[in-house]
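Only one structure is covered here, and it is reproduced in the block below.
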Amino acid sequence: MGTTSFLTKARGLLRIRNQLVRECLAELLSTFVLIIITLGGAAQKITSFETKGNTLTSYLAGALAVMVGIYTAGGISGAHMNPAFSFAMCLMEQFPWWKFPIFVVAQTLASFISAGAVYILYYGMGEQHWAREPYGAAGVARLMDVLCVCPPDAIWHYSNGTLTVSGPRETASIFATYPADYVSITNGFLDQVIGTGVLIVGVMGIMDTRNKGVPKGLEPVVVALLVLSIESSMGSNCGCPLNPARDIGPRLFTYVAGWGPEVFRWVEERGRGGECQ
C-alpha cells in the first residue's frame, strides 16, 4: 500500500498539465525515436561494409521508425515528426499556425539529439578517440571499456579515424542525406518536392474519413508502408529524406562533431551520394 501510495503521489507531482508542453515533449520523443532508428539503420549498413545491413534494411528501418513514432505520440501531438507535414496541416487549417514554429524547433532538436545518440552508439568514446583529446582522457576510455558503457568504435574502424564527407570511406551520409553525383541542384530540389508531396498526399488520404477507412489502430502501419514505397521508388537521387528536420538536425550535428562545414557544401564524387537511408 505504501509503495502504491508513493507512486500515485509521484505521478501526480510529475504530471505535466500544460497541453502545449505535453505536445512538444511528445513531438520530441516521437521524432527522437524516428531519427535514431533511421540513422541507426544507415550506420549499421555503412560501418559493417554492408555485411550486417543493406539498402533494403535501411528502407525498412526508416519506414518502421515512422510507425513506432506515430504509435509513440499520435494520441498526444499527432506525431507530425516532420515540418513539411506540420506545414501541410496548417495549410489545411487542421493545425494552428502559431504552433508551427514551436513544433519545427522540437522536431529539429530531437533530430540533433538522435544524431548524437547514434554517434555515441556507433562511434563510441574508445581509447582511439580519447588519445586525441587535449587533456589525455585515455583513462576514461579504459574505464568505459571495463564497464562496457561504449561499444566498439564502428565509425572509427570504418573511416580509419577520419571523419570525411566525401570519398570511399566517408561517414557523413550516416547522418544526413547527400545527392548522387549526377543530380543537379534543380533536379535535387524537384526530387524532394515530388517525394515529399507524395508523402503528404498519401498521409492526408489515409487520414480522410471520407475515403475507404484503414482499420482503427493500423493507420501507423499503413503510413509506414507508404514511406517504404516512396523510399523504394524515389530514393536513388537524394537519399529520400522527405523531412527537413530529419536532414537539418543531424547535418548540424555532423558540423559540430568534426565533419566540418563541408557538410553544407555541394561536393561532387562524394562516394555514396544518393543511397537511401
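Cβ from N, Cα, C; glycine included.
A TrEMBL annotation is a machine prediction, not a hand-curated record.
According to TrEMBL, the transmembrane segment annotation covers 20-39 (among others). Remote same-chain residues near the transmembrane segment (20-39) are listed as 61-62, 64-66, 68-70, 72-74, 76-77, 79-81, 99, 102-103, 106-107, 109-111, 113-115, 117-118, 174-175, 245-246, 249-250, 277 (criterion: CB distance under 8 Å, separation of at least six residues from the stretch ends).
If you look up TrEMBL, you'll see 59-79 (among others) marked as transmembrane segment. Counting residues 6+ beyond its ends, the transmembrane segment (59-79) has Cβ neighbours under 8 Å at 22-24, 26-27, 29-31, 33-38, 40-42, 89, 95, 103, 219-221, 223-225, 227-228, 231-232, 235, 240, 276-277 in the same chain.
What TrEMBL records for 100-122 (among others) is transmembrane segment.
Residues or ranges marked as transmembrane segment by TrEMBL: 189-207 (among others).
Outside the transmembrane segment (100-122) by six or more residues, the chain places 20, 23-24, 27-32, 34-36, 39-40, 43-44, 47, 77, 80-83, 86-87, 90, 150-151, 154-155, 174-175, 244-246, 248-250, 252-254, 257 with a CB less than 8 A from a CB of the stretch.
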